[in-house]
Amino acid sequence: MAITGDSRSQFHVLAVDDSLIDRKLIERLLKTSSYQVTTVDSGSKALKFLGFQEDEQGNPDTPFGSPNNHQEVEVNLIITDYCMPGMTGYDLLKKVKESSSLRNIPVVIMSSENVPSRITRCLEEGAEEFFLKPVRLSDLNRLKPHMMKTKIKNQKQEEDQEELKISEIQSDEQQQPVQLPSPQPQPESQPQPPPPPPPALLLQHNNNKRKAMEEGLSPDRTRPRYNGIPTMV
Amino acid sequence: MDLLSQLRGQIADFSAFLHREGFVDDQFTQLQKLRDESSPGFVVEVVSLFFEDCEKLVNNMAKALEQQIVDFKQVDSHVHQLKGSSSSIGAARIHNVCIAFKTCCEDQNRDGCVRCLQQVNHECIQLKNNLQTLFKLEQQIVAAGGSIPAMQ
C-alpha cells in the first residue's frame, strides 16, 4: 500500500529536559528541522502528556479515556535528557518501552557526559540513538528514519488488524455448508467461483482479502490456519 | 568607507577575537545559525537566560561554600548545571573552569572550590560584557540597514 507523501503532515516530537536553556535549544533545533515540538521539564510530565497512567498496584495501564489503546496526542518521537532529578531519561525510556501503548514510539537519549556504559545501557533498553550534548542540527537528521519507521509500522498494524477480522469471518463461513450458485451449463474443467464475500467487506477490504488468501501460510504464522479456503485464480 | 562596511569589519574582528581567546567556541556559532526571521531574538534570549542562571548558581555556590560544613554534593550539582548550560551556549572558558571546579568538589577541596568559584564569576562577567558589545554591534548594523552577518 503506497504511503502518500503529504507535505503538510508533520512529525511531532516530545522533548524532555530539566534545563530551561537546553529546552529552548532543542525546541529551536527541532523547529528549524520543521518538526512540531512540545517541551516538558520532567519525565513524569512527559508520561502525563503521553496519556500514560499506572493503576494503584503500580502496573502500567492503557491510557485513560480511550479503550482503543491510542495516545491522546500523537507523538512520533521522544527526545530526552539522561540526567534529570527524580525520573532520569533512562527511567522514562524503560517506562515507555514497558508500556503496550507507548513502546512503538522511538526514544532518543541526550547526555552531556560521554559514558560508554551509560550509552550501551540505553541502547540495550531500546533507545534508537544516543546524542552527546550539545546537540546539533546534523544530529537531528538521524531522527527522520526512526519516525518514518513508526508511521509505516502503525499503518501495517492497521492492515494486519483488518486481515485478522477477515480471517475470523471466513472461519465462521466454513462452519456452514457452502452455498453454490444455481447450476448452469458449464464445462467441468472450469473452476468453481468462490462464495461471494459479504457486501460490507467488499467495499474496503478487497485488497487485503486477496492478500490474505494468496499469502502462503508460513510455519511461523501464529494465526490459526484454515484449510480449503478457495483461492482466486 | 561607509558606516555599514565599517560596522561589518568591526563585528568580524570582534567575533574572531572572541573565538581566538576562547570566550566562545563553535557551539556559539551554531546558536547564531539558528537565528532567523521567525526567531530573531533567539541568541539574545538564550544568552540572557544563561547569565540569569549563572548569577543564581554563583550565589548558591558562594553560600554553600561559606558554611561551616560544606555540602560538596550540592556544590557539585550546581557546577554540573553550569557546566551543562555553558556547554550548550558555547561559553568555552566558563565550561573549562567548571571541569576543574568539579574535580575540586570531588576532592572535597574547599579552597580549590572557592578559587574556582571566583574564576567562574570573573569569566561570567567578562563574557557578559563581551556579548553585550557583540549584540550592540549587531543592533547598529541592523539600524544602519544591514543584516547580521553569518559568523564563521
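Heads up, the Cβ atoms here are built off N, Cα and C, so glycines get one too.
Automated prediction, rather than curation, is the source of TrEMBL annotations.
Record features, source TrEMBL:
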type     : residues  : note
DOMAIN   : A:12-148  : domain 'Response regulatory'
MOD_RES  : A:Asp81   : 4-aspartylphosphate
REGION   : A:149-233 : region 'Disordered'
COMPBIAS : A:155-166 : compositional bias 'Basic and acidic residues'
COMPBIAS : A:211-223 : compositional bias 'Basic and acidic residues'
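Packing around the residue listed as '4-aspartylphosphate' is summarised by its Cβ count: 26 other Cβ atoms lie within 10 angstroms of its Cβ, all protein chains included. Across the compositional bias 'Basic and acidic residues' (A:155-166), DSSP assigns 12 helix, 0 strand, 0 coil. Helix first, then strand, then coil: DSSP counts for the domain 'Response regulatory' (A:12-148) stand at 48 helix, 28 strand, 61 coil.
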